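Beneath this line is the structure, given in structure tokens, with notes to follow.
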Amino acid sequence: MVAKNIKYNEEARKKIQKGVKTLAEAVKVTLGPKGRHVVIDKSFGSPQVTKDGVTVAKEVELADKHENMGAQMVKEVASKTADKAGDGTTTATVLAEAIYTEGLRNVTAGANPMDLKRGIDKAVKVVVDQVKKISKPVQHHKEIAQVATISANNDAEIGNLIAEAMEKVGKNGSITVEEAKGFETVLDVVEGMNFNRGYLSSYFATNPETQECVLEDALVLIYDKKISGIKDFLPVLQQVAESGRPLLIIAEDIEGEALATLVVNRIRGGFRVCAVKAPGFGDRRKAMLEDIAILTGGQLISEELGMKLENANLAMLGKAKKVIVSKEDTTIVEGMGEKEALEARCESIKKQIEDSSSDYDKEKLQERLAKLSGGVAVIRVGAATEIEMKEKKDRVDDAQHATIAAVEEGILPGGGTALIRCIPTLEAFLPMLTNEDEQIGARIVLKALSAPLKQIAANAGKEGAIIFQQVMSRSANEGYDALRDAYTDMLEAGILDPAKVTRSALESAASVAGLLLTTEALIAEIPEEKPAAAPAMPGAGMDY
């Protein structure tokens, strides 16, 4: 077993403090509209330029193992806030440092760390309840654009694109961010259900120019096994041909005689048909086929349910107003399924998202929900250079998450103002704490609430304490607009923060800072000293 180096008491706390401070100093320079960029060296390719707190935090690794423990714990604050709310990672880091620094001062002065933590937790609950009270729901397209603009470092173009995307796909819709090939940042919206499986033969294409197969008022056959022979398949094909409507076939695969028959039918000018492979794999494929069946009002023909392809009839087929199939993907527009069944399916998927512990599963479930309920919007980020594109993509990601958080839990006056407005409520709560050290813990949170505002002011070249006093003396929604160096009504000026982001930042910061305050010993491996390399043998160069 490797020997360990153990630090205790004051020495341990100083090491943690140094690690916390080192990480926080790198992260907090990015806060606010006048926050700076951080350039991160990469082992390959060009350096990364970012203003995203969690991206900076993830890159910090300190040489001293004990200091690194403190840094890694605060890194956890940024990561947890990003996981919960998708934004607010810099605010969370600033709050964590403020709570820990002030808490450490009191522990050194003799306060009981466990009582301090209890006081911190109680104070945070009071502030979170107040944040929920003062938040207001997002009601207009304009407010979504304002939240996105603030989160994208005051880039109105990004804000408007995200608001437009949210409006088009709805709150259950999916917004994905990709890199564009050109300089422009554009929005593409795919209406209806889209999945990345194209036609199995180019002979199915109805438009030679676009190489797409477009089926109007189509029937949809959904089967969960391979179709290779024509015998089992023929009865339903004859019924469809008699109906005179085009047919989309979705199956695990269509090959051999079955595919050849369909292709020959198209070449000879028979009824319009197109065959595609089913999307997804394994259990996820079955779930997606069931989604398509509900969307189109058809049935999934599955042998597991005792159904056979040879017994399929028109009543089992789904219906859609339009189907567009390209070489790469398929889009079903206006499926004619029952509204109640569709809503029930969406609710079932939402429940699965809540119950799932895997980020990957959640993402896939969210995609399914979006395809069923709203549609998919793709924001393609363009820029002059790759470095600029990556930095812009980070900001679009932040803005997207901020808008989703705003829709979920409402909005607050931004620029650190909302936390300042919680100070009077917390002051009124202090006398209710009878334990002196718990009261000190609550006061630590009270002092920390002004830290984000002070940091925004400092990054704008102003004295944080003076700005704080000015904001405290003003009415509810008035705060400091660092971009214009003015005091204004933050809601009217469109300087908004999502309530979920503010809440998550405070909860994550207090949780980790409280744990650090109650730490009394640090254990780390002693780094092995590698022996110096042996000197080269004389004359080894053979130059004599």
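Using N, Cα and C of the backbone, Cβ positions are placed for all residues, glycine too.
Here the structure is a predicted model, which means the values were calculated and not measured.
Annotation comment: Swiss-Prot describes 30-33, K51, 87-91, G415, 481-483, D497 as ATP binding site.
In the three-state DSSP assignment, the secondary structure recorded for D497 (ATP binding site) is strand.
In this structure, T90 (ATP binding site) is part of a helix by DSSP. Cβ crowding, taken as the number of other Cβ atoms within 10 Å, peaks at G88 among the binding-site residues G32, G88, G415.
Within 10 Å of the C-beta of A482 (ATP binding site) there are 25 other C-beta atoms, taking all protein chains into account.
Within 10 Å of the Cβ of T90 (ATP binding site) there are 28 other Cβ atoms, across all protein chains.
Packing around T30 (ATP binding site) is summarised by its Cβ count: 22 other Cβ atoms lie within 10 angstroms of its Cβ, all protein chains included.
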